[in-house]
């Protein structure tokens, strides 16, 4: 029998990026907040210090910072006709675990989505007419606009100290920035990072083709910065260990560096690590949450009553928490009805490898996860899709993230995949290759969804999340088109061999793309097609908010973290200024 | 097999090696005798074997990164690094001579001598800062950049292990006060987080790291 604890005002299920921001802010209003984190406590000092943190085998190959899939896996299948099997190692993506969540091991790429993304269906039908979008794509408007989110994007970037160059300030296009971006209210908080050599080669190549290169927006900082919380970040030293690692230098924005220390100083905020939340509890009506039930590190079960429950876990786990708690109607891919598990999307990544002669020395290890140069010419709806046969797009970038020795082995087509020939090719090409990334949008389709696995359970006896996913044909066509453009840039960069690898079906969960899993608890204005309203509040249980990339109706051409940050502050604003004054549904059903 | 290109390459490599030897000789010569009226012998302060006097007034150069030392010459010459002593010398030194001196001292093998050791508590605090950092001050471990055991992150980042404590502490004070501005931007920010005691601690820790065991046992 669970021991019942003293009631508090707010519980956050997970203390990663969203849980840390919401926990800190709500505790600052005087509410009693408890942050429940299933993973361990950890901090820059002593946990992330080198040389141990640069252990590529431990962190990058064996993924030490991710969810423990011995205790809690997910199952996967490509289509609803297949039987899903558990993923016993993370290969396709890396859900975070532990204090700070996935925002500890991210690369720091901090993008905004396009204004068109938030009114996606309306925008596309307006520009291209009805019937232009493949009928199996379940895209929809988000229920929030770019203009509404702009102050929250701004606040998040200033929290992180993001380094970059604005391309559009209040409608005025700025030289050197991204001319396609939505208007910003002001410049980035810190200057762009220094351009690596691979970025400079890309810039020249892209400019020669008439494209618009600009520095990648990076929360791995170009210069020392003190954020509005009073916390200071140091300058990035381009060590090449961001993605899959934690930063030892206080140079990458993470909950530990930008906000948690403030929360932890507030006696109204209590962090409990090693606490696995089993479910969000509901009262007899099923329309009000009474708190959560969790198991602590010693295996004891507790009931933590709370007035307000914020589900702030990794996006996939947000969806699982709703399903295991029976909040919202589960999505049925056959009928297309139901909302929880709907519109699961990912990212459509592809690459073009640009191989040079040995006199061109790239030094790919001198990098941060976010340093480099980008074009936005082929992202989202920045180009005319008429006659192309697809929607969406990809940014193309030279952002090499570190060239670490175990996993970075560029070889040209025709190279043997093992043995002496392979080794010789790796030695020949390692330092003379630029890999261009096409970071593509991912559209939801009817059959792609999240639900509870009927067979497999976790260490606490709860059903695992089942992921059903394959690339929509639309996204495959997009990937071919944009990868061709990247190959063209590679040629203009002077590569001797340029090898494009567009994304093809079927999606393979053993091949890493990104950790940009989105959707499943999507936001919107219609309770029959969205799990949460425009403020990320559950339509069914108004004292539950579900915050994270789980709210995205589709995934845009960009890394999702910037928009996660913006939506978190957007939800915070609604909770603080509206919900707390009059608890209840912020949007009538 | 045609031997022509191989012989050519061998001759070129020999040529390069001979050039490097000449360079080292030139560096050693300047270290011992100076170069013209405005460049006194480096050995006067830094000793011919690069271990300086041991007082800590002058840094140890033996085994330091050549690239880093050449960069210091450039910074002294431009005034980016401010020193009434080194500024005029660096200005008078040609870039080629500067590179030669740097190469010479990088290759110098002066011993690590025993110095008066600070008390164990201070060294332990320094060890903590150097190897682990300080969360409360948002300070990363010095070794993150200066290499495991403070052996340096060559070519750009100098070694600290075996450097004189007084010299390290003085540089940190200068970064903190703003009188040293060259090098990584992050050093000023880091130095501002260090108390006088912290500076003395890291300096004392690094100084004793490479002492010869027989000397340390005395």
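Backbone N, Cα and C define each Cβ position, glycine as well.
TrEMBL labels come from automatic prediction, so no person has curated them.
Heme c 2 is bound by B:142, B:145, B:146 in TrEMBL, and the record lists one more residue there from B:86, B:187, which is B:187.
According to DSSP, residue B:146 (heme c 2 binding site) is assigned to a helical segment.
Closeness to chain A is evaluated for the binding-site residues B:45, B:86, B:142, B:145 by Cβ distance, with values under 8 Å counted; counted residues in sequence order are B:145. Within 8 Å of the Cβ centroid of the heme c 1 site, not counting the listed residues B:42, B:45, B:46, B:86, the chain contributes B:43, B:44, B:52, B:58, B:61, B:85, B:89. Neighbour counts were taken at the CB atom with a 10 A radius for the binding-site residues B:42, B:45, B:145; the maximum falls on B:42. Comparing residue B:145 (heme c 2 binding site) with residue B:46 (heme c 1 binding site), their Cα atoms are 25 Å apart once rounded.
If you average pLDDT over the domain 'Cytochrome c' (B:121-210) in this model, you get 94.
Cβ contacts within 10 Å of residue B:142 (heme c 2 binding site), excluding its own Cβ and spanning all protein chains shown: 21.
Taking Cβ-Cβ distances under 8 Å and a sequence gap of 6 or more within the same chain, the neighbours of residue B:46 (heme c 1 binding site) are B:31, B:52, B:58, B:59, B:60, B:61, B:105.
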